[in-house]
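Asks: Pasting in a structure now, in structure tokens, and then I'll have a few things to ask.
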Amino acid sequence: MAGADSDDSLYPIAVLIDELRNEDVQLRLNSIKKLSTIALALGVERTRTELLPFLTDTIYDEDEVLLALAEQLGNFTMLVGGPEYVHCLLPPLESLATVEETVVRDKAVESLRKISHEHSPVDLEVHFEPLVKRLASGDWFTSRTSACGLFSVCYPRVSSTVKAEIRQHFRTLCSDDTPMVRRAAASKLGEFAKVLELEYVKSDIISLFTALASDEQDSVRLLAVEAGVSIATLLPQEDLEALVMPTLRQAAEDKSWRVRYMVADKFSDLQKAVGPEITKNDLVPAFQNLLKDCEAEVRAAAANKVKEFCENLPEDSRETIIMTHILPCVKELVSDTNQHVKSALASVIMGLSTILGKDNTIEHLLPLFLAQLKDECPEVRLNIISNLDCVNEVIGIRQLSQSLLPAIVELAEDAKWRVRLAIIEYMPLLAGQLGVEFFDEKLNSLCMAWLVDHGSCYNVEAATCNLMKLVEKFGAEWAQNTIVPKVLGMANDPNYLHRMTTLFCINALSEVCGQEITTKHMLPVVFKMSNDQVANVRFNVAKSLQKIGPVLDSNCLQTEVKPVLEKLASDQDMDVKYFAQEAISGEFCNYRRYIEKLINHKAS
């Protein structure tokens, strides 16, 4: 026993067990987290006969401790002797599945579902299924809600008699007096339907679905919508119209916006489940209504599905449906009063260009894109710019260039630093789409301006990274002619923060520009800055020399870089000294040895 725990014996087993009874919650929690250690030390028999009964009897505790216990027990199968004895874990987990705290119950159900697969079919009927029945008929709603999550894992592996009992228990819970139980049943209805035989899906599940979708509580009805989508995937096409669609049509027009929101959110899944004919006849008008809904949350959810919905329309009638039914709604949403609706639409509308083709894009979509690029909401403009690759494939980005530039400039100067950051991060992709000439003419100066963004250090860092990605895209020669001179020019700026930005840029650019440009153009500027009057600049010189060391050849490191670092190592400022010494004795020297070793290896 001692041998089994020799590598983890900071707390002897006796102490761990004693801590399970301690008044200090943290000590009990620590002990619970060590349960596997205790079980290993006790052995499988004593774990079954002593530890598990003790845990079951003392199940009342703080929620944090119970949550840890519920999670631990899900991994205990081998510690109780394997699948043959896994049923021994059911009593403590059953108790945990009845507690008041939802997260504890959910974790207990998760562990029960996990160990259910380790029961043999016989043990499942003898031990697990009775537990499900007890929970399903418990006095407290907590146990009944937990039972809802267990029916589907035991149903496929029990006898037909027991299956009938399980179906009856589930029917009872679907009409429970407590809304929380009906909610739990509605959330598991689709999952349960998937393990039932088709005849019972039609005879039992459809009626339960209809009842739950008409429940007085909208929190139950909205969960029934998701179940309806799952059920639709199980039924033959000929049964969908009669059995499922009336209820889903009702849900799409529900008096509660939360239910309509759920329909909009699940619309693409529903569309795939019901097929092309029902989509044309039923879902197109329903989708139009959702796009025109009186609640902004519903319109936003539907707007977010526009591209996906259009992509999944039947090919033979796709363009007609979009142009006749969907596009008029989309045009209204472009000028919606709610910014979240406009932003949701802007994130997907560009994708319509690949579906509708060049002519329709130029005639119908382009005016919408241009309007959104001028929208007062920065998120709308940003979402359009972030999806330009879609329209670039179809009509080329030049069509948008006149409106694109003002939108980019406004975003780059937005009061919110996160908006500025987003457009900075998107710039390399945008530059690739616009091409080097347009970029140099219109956007180069903007990228340089971002390097001195006083609003956020994150933006300066992103702008530096942005330059590196631009060099990767346009090449070192472009960088040498266009970017590097402007970056090095900042080394003479009166503002020491701008001079430091020069060093940050050199750190990033040296890697992509290569040895020649770094040595010839950038290194002399770094050396010059080692005499800067501001200590912060000088110690960043030491850090830069350490950073760009891997790009330089060994001769340069020895004859030029090392003397500068040694001079900085005797600086009066303690920080400058520290970083210079670190560069000499740390990574710099390690790299020097690596270079020398590499040269010797090549010579041999």
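Note that Cβ sites are derived from N, Cα and C of the backbone, with glycine treated the same way.
Summarising the annotation, TrEMBL assigns repeat 'HEAT' to 12-50, 166-204, 205-243, 244-282, 283-320, 326-364, 365-403, 404-442, 483-521, 522-560. Here TrEMBL flags 89-270 as domain 'Phosphatase 2A Regulatory Subunit A helical'.
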Asks: For the repeat 'HEAT' (326-364), could you work out the same-chain residues 6 or more beyond its ends whose Cβ comes under 8 Å from its Cβ atoms?
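Replies: Non-local partners: 284, 287-288, 291-292, 296-297, 299-301, 303-311, 318-319, 371-372, 375, 377, 379-381, 383-384, 386-388, 390-391, 393-395, 399.
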Asks: Across the whole of the repeat 'HEAT' (326-364), what does the mean pLDDT come to? Round it, please.
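Replies: Per the prediction, mean pLDDT sits at 93 for the repeat 'HEAT' (326-364).
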Asks: Counting each residue once, how many in the repeat 'HEAT' (283-320) are helix, strand and coil under DSSP?
Replies: 26 helix, 0 strand, 12 coil
Asks: What is the three-state DSSP composition of the repeat 'HEAT' (166-204), stated as helix, strand and coil residue counts?
Replies: 33 helix, 0 strand, 6 coil
Asks: Across the repeat 'HEAT' (326-364), what are the DSSP residue counts per state (helix, strand, coil)?
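Replies: Output for the repeat 'HEAT' (326-364) reads 33 helix, 0 strand, 6 coil.
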